[in-house]
Amino acid sequence: MGIQAAEISAILKEQIKNFGQDAQVAEVGRVLSVGDGIARVHGLDNVQAGEMVEFPGGIRGMALNLEVDNVGIVIFGSDRDIKEGDTVKRTNAIVDVPAGEGLLGRVVDGLGNPIDGKGPIVAKERRIADVKAPGIIPRKSVHEPMATGLKSVDAMIPIGRGQRELIIGDRQTGKTAIALDTILNQKSYNDANPGNKLHCFYVAIGQKRSTVAQLVKKLEEAGAMEYTTVVAATASDPAPMQFLAPYSATAMAEYFRDNGMHALIIYDDLSKQAVAYRQMSLLLRRPPGREAYPGDVFYLHSRLLERSAKLNEDFGSGSLTALPVIETQGGDVSAFIPTNVISITDGQIFLETELFYQGIRPAVNTGLSVSRVGSSAQTNSMKSVAGPVKLELAQYREMAAFAQFGSDLDAATQKLLNRGARLTELMKQPQYSPLTNAEIVAVIFAGTNGFLDAVPVKEVGRFEKGLLAYLRSTRKDVLEWLTKEDPKIKGDAEKKLKDAIAEFAKTFA
């Protein structure tokens, strides 16, 4: 049987039609040298600054130094499996991370990969990690309170939604405790008002894994993990991960800001990010400057913190609040990184070792701490009671230093010292016990209106506990009225509050 020519051509045509061209074009380079988490690569002529590249075995890296004859790449992972001569592929993508509600309740690394063993993350979109901050036109001045639940902070150093407030102090002074209490305090507000929810992001930079695990456990126990994402670049992670984590977390939080929602981000702490960046820069042979930090270390933090903002109505009224943490050495706030971050932020909370060891916790130095947003981030009732307490504590500090020299003090000075000692005692607060706005107003009002003057200093804590228990049970109406009405505390409102506290004071013994 002879094969027909037409048949052959039909078969060939069919084969050609179904031929799939599987050839892929990729721009590749070769590793010249590798070590200390840095790879020098030759041949990636068109690579962009900040572009993600891929090494054999799926290890990722980011191109940071674009030089004439080679590219300096930082490696997001172990450099042990990379050797000289390995091929490096361009991905044609800038470093991006997943974003959306699917991240809430999860623990992720600096690239947004889950590390909590709860399966893959369902993300609505991907966002570039390092983007430009919003301009001047979309912004609005800060005017809504972001309550921390801490008496000393909410009354004297108020934080608003969209503000950047630095928490600064030596190691072991309670910086993370303030940040953690702020996250825990949002639970009651989020439950009461789901439409105005505050989504929290906690970035752990260069911390021990055990510390991060403890923190996550605490958040889960308190039911706060449902609105929180933890981004962890721990001490055992490479420096590029510690450098990238804050930017990645900010990109995740910006999803909420840009969609008319509210987010809070805590960077714990930025001193370690600066150290990681210094390490990378020196290994990339960039010229060192003051304290061996590179010349652009100010820009490192300014471009990060400028992304926290309050947007106006035309842009959805969303907000992103930042609480960066900086660790000082021996109380030296005039070092390079602390002064940089102080100048970028809208205020700072100073924590002092001395106060901490005196038992004043949170160890906030109310004289040096400041909020540059001020009372515009406070409710009416809080504004009314915060003014007098600030003044009285300032006078007390001045007089206390003075009173050490003389013993014969006049009655007015003695009264001022007594009141100041009680107010200082009143500002103490145990960890994990945030108070609502109304409760803080009632407690501080009691302190500034003489209800504590006859109470011994040691009994102030017991008085406060008793007063809060009384208001929560017998006089719920007062707390509800303060929350709903938010009155200015004067005239009838002042009388109503005074009467309620006086009722309790009679029973206190």
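From the backbone N, Cα and C atoms, a Cβ is placed for every residue, glycine too.
Here the structure is a predicted model, which means the values were calculated and not measured.
Look at Swiss-Prot and you will find Gly169, Asp170, Arg171, Gln172, Thr173, Gly174, Lys175, Thr176 tagged as ATP binding site. Annotation source Swiss-Prot lists site 'Required for activity' at Ser369.
The Cβ of Gly169 (ATP binding site) has 27 neighbouring Cβ atoms from other residues within 10 Å, across all protein chains displayed. Those same-chain residues not listed among Gly169, Asp170, Arg171, Gln172, Thr173, Gly174, Lys175, Thr176 yet with C-beta within 8 angstroms of the centroid of the ATP site C-beta atoms are Glu327, Leu351, Thr353, Phe356, Ala363. Annotation for the recorded positions Gln172, Thr173, Thr176, Ser369: lowest Cβ count within 10 Å of the residue's own Cβ, Gln172. Each of the binding-site residues Arg171, Lys175 was scored by other CB atoms within 10 A of its CB, and the lowest score goes to Arg171. Cα of Arg171 (ATP binding site) to Cα of Ser369 (site 'Required for activity'): a span of 17 Å.
Gly174 (ATP binding site) sits 15 Å from Ser369 (site 'Required for activity'), taking the C-alpha atoms as the reference points.
When Cβ atoms from all protein chains are considered, those within 10 Å of Gly174 (ATP binding site) total 19, not counting its own. Within the same chain, residues at least six positions away from Asp170 (ATP binding site) with a Cβ under 8 Å of its Cβ are Glu327, Thr328, Gln329, Gly330, Gly331, Leu351, Glu352, Thr353. Straight-line distance linking the Cα atoms of Lys175 (ATP binding site) and Ser369 (site 'Required for activity'), rounded to a whole number, equals 13 Å.
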